[in-house]
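Swiss-Prot lists GLY331, PRO332, ASN333, THR334, GLY335, GLY336, LYS337, THR338 with the feature ATP binding site. Per Swiss-Prot, the feature domain 'Smr' maps to 710-785; the stated evidence is sequence analysis.
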Amino acid sequence: MDKKALKRLEYHKVLEQLAACSGSSLGREKIMAMEPLDNLQAILRKQEETSEGRKLLRLEPFAEAGGWKDIRAQLRKAGQGAILDPEELLAVADTLTAGRTIRKFFQDRQEQYPLLYEVSSALVSLPELERKIKNAILPGGEVADGASPELAQIRRRLAAAQAQVKEHLEHIIRSPSYQKYLQEPIVTIREGRYVVPVKIEHRSQVPGIVHDQSASGATLFIEPMAVVEKNNELRRLMAAEKREIQRILAELSAGVAQHAGPIGASLEALGELDFIMARARYSQKLDAWAPLLEGEACMDIRRGRHPLLQGEVVPIDIRLGADFDTLVITGPNTGGKTVALKTAGLLVLMAQSGLHIPAGEGSRLGIFRQVFADIGDEQSIEQSLSTFSSHMNNIVEIIGKAGPDSLVLLDELGAGTDPAEGAALAQSILEKLHSAGAKTVATTHYGELKDFALTRERVENASVEFDAITLRPTYRLLIGKPGRSNAFEIAARLGLPEEVVKRARSFLTAEHIQAEELMRSLEKTQQEAEAERRRAAELASEARALKERYEKIEADLASKRESILSKAAEEAQALVRAARLEAEAAVRELREKMAEEAARERENAIREAREKLRKLQQRVGRAVPEKTVPGEAPAGLRPGEEVFLTRYNQKGYVLEPPGAGGEVLVQVGVIKMNVPLRELRRVKEARPAGGQSEVAGVLLNKAREISPELDLRGLYADEALLEVEKYLDDAYLAGLSRVYLIHGKGTGSLRAAIHRQLSGHRRVKSFRLGEHGEGGLGVTVVELA
């Protein structure tokens with residue numbers, strides 16, 4: 001890229017602003033060495049890196065990529081075999097820590113930031129070296145006691161020796177016999193040895209070695225002979241400490257030297273990441289965007305802003321290379337022609353450097369292999385060159401180098417010489433560049449160049465807008481419309497007397513005045529039309545906004561209506577559910593009352609049946625003659641023992657042993673009766689064959705009729721509860737001890753109703769759900785009382 005063009009377009013000032021966004025010297029070096037690229041793929045890569053950095057700033061603004069140092073000097077020093085001091089080693093450890101942390105950060109987010117992750121993958125992880133340095137060096141740069149066992153031992157001995165010396169000297173300075181010889185009762189250090197300040201006139205009273213004298217000469221710093229050997233021991237220990245520290249530092253430095261290559265690559269990656277993040281911060285600062293890039297040399301900049309201008313900047317639209325290759329910008333001085341020229345050139349350089357550009361989304365830029373610029377007055381006093389000669393030197397060089405992939409920016413082309421000759425020369429230069437295929441933007445005052453643009457293919461006029469009402473430039477660039485210099489209006493606004501301006505107008509030809517008036521009228525009409533267009537666009541925008549607002553209101557109302565209707569429906573359903581629950585509760589209460597009534601009736605029937613059974617038993621007892629059964633009446637009967645009732649030809653169980661009357665309380669099935677002892681035989685004894693008694697037959701028939709299972713599936717809850725109530729009574733009469741109520745799994749409501757009925761039931765001892773093989777959740781097993 002042409003170095004002169006970079007300077008004329010003030011590319012270096014962009015780099016200075018960019019460097020201020022960097023966080024390291026390594027990053028700043030990369031920035032100041034940066035130049036525009038001319039390879040599309042390389043530029044795209046740089047732009048994507050900047051975009052990823054911008055994304056990181058947006059999504060994770062507090063992510064920290066600092067904490068590392070520029071340790072290139074330390075790596076070189078260690079590589080040459082030198083010993084690094086503690087601060088240098090600590091800088092290496094801090095850099096290793098930062099690199100490891102940053103690598104882990106991007107490793108966890110490699111899908112979000114693939115390019116940043118790729119750069120960070122070069123960061124080396126040396127946890128062992130990092131640990132050794134941080135264990136050995138304290139944050140302040142002091143070597144830690146635990147750096148080695150030897151150092152810890154030496155320092156313990158050193159502390160003990162220092163304590164002994166101080167204690168001895170403290171004893172001396174507190175001694176009344178010595179205090180009169182001392183300048184002050186203190187212990188101090190001179191030349192690394194502990195001494196006391198002695199008045200010079202008492203030198204002979206304090207035997208020892210003089211190490212120093214005060215500036216006034218009145219005080220001698222003497223090491224008493226009593227502590228000389230102890231001080232010598234201190235010096236030996238201090239020397240040993242120094243040697244051990246040097247050994248530790250040498251060992252750590254050797255570790256750094258061993259890994260100098262990977263650490264250097266890691267440092268380079270850290271610098272590259274800082275470089276990328278500086279570009280991202282600069283993009284954020286400028287509110288810039290990544291342009292759309294393509295291979296052909298062209299530009300379509302929308303709402304572009306010059307990055308170096310402060311305050312409110314009027315954006316410009318400028319295009320080149322699609323419909324035309326040469327753009328001639330005309331208009332007044334101070335109207336913004338040069339700024340438009342510099343903006344176009346600088347945004348091209350920024351984009352090809354991987355920087356986002358301060359322009360609107362959708363801006364497109366092609367790749368220019370060369371950018372040339374002739375901007376400003378570069379007159380050289382040393383070379384005795386005029387303005388015109390200086391410009392011509394630049395243009396001659398540009399014509400010799402420009403080609404199809406070149407962008408040429410020419411400010412005030414043909415200025416500095418005779419207007420007629422300058423205009424002719426300017427046309428010829430533009431023709432030459434046009435025929436070479438260069439993309440050219442030129443500013444000029446010459447009206448002849450407006451005609452040139454109108455008569456040549458792929459050459460277009462443009463102008464910087466001048467407000468005919470306020471007589472001030474608007475700084476907007478209008479492509480397709482030639483401009484006027486507006487010299488008289490500007491001169492009048494700047495204070496030139498009106499009569500001078502009028503006199504100047506009188507020198508113009510009638511044709512020129514007529515053309516100028518026509519141009520002015522056309523410009524005014526165009527500005528009014530543009531103002532009307534903008535007003536129409538604003539009204540259309542307001543109408544769209546109102547439409548969107550009313551549509552939103554309508555949607556909100558529809559949503560609220562749906563919400564109200566939905567809420568009303570829910571409330572209605574809630575009322576229905578509540579009414580249904582109340583009705584079900586009333587029905588359940590009625591059924592419970594009916595069930596209680598039926599239970600009472602069944603209880604009465606059972607009592608009547610029992611009474612009939614008791615009477616029948618008595619009748620049968622009288623009717624059945626006493627049989628003679630072999631064996632004797634059992635002696636020593638105990639409760640629970642099984643016995644055979646000879647009269648009834650049935651087995652039973654002893655409930656109570658024989659009483660005073662010689663009768664035994666025995667239970668046969670559900671019947672309890674007192675039986676004379678003589679009518680009982682132990683079960684193991686033989687019994688006579690014969691038919692069953694009438695009572696036994698009734699009981700056995702009842703037991704045969706009642707199944708131990710009751711299937712309730714398919715019944716409503718109230719029907720099932722009545723069935724259960726009747727069944728429990730029948731099962732109890734039949735002498736069943738366990739029954740199975742089959743209710744199925746279903747929703748569980750029938751099971752719950754049955755369990756409520758069983759809880760506290762007079763016939764129920766306990767109940768549980770069926771186990772595996774018994775029917776599981778679909779069966780309730782009931783133990784009868």
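Here the Cβ of each residue, glycine as well, is placed from N, Cα and C on the backbone.
Positions of the features from Swiss-Prot, shown on the structure.
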| residue | record | Cβ within 10 Å |
| --- | --- | --- |
| GLY331 | ATP binding site | 27 |
| GLY336 | ATP binding site | 24 |
| LYS337 | ATP binding site | 27 |
| THR338 | ATP binding site | 18 |
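Secondary structure at LYS337 (ATP binding site), taken from DSSP and collapsed to helix, strand or coil, is helix. In three-state terms derived from DSSP, GLY331 (ATP binding site) belongs to neither a helical nor a strand segment and is classed as coil. Note on the domain 'Smr' (710-785): DSSP counts are 30 helix, 19 strand, 27 coil.
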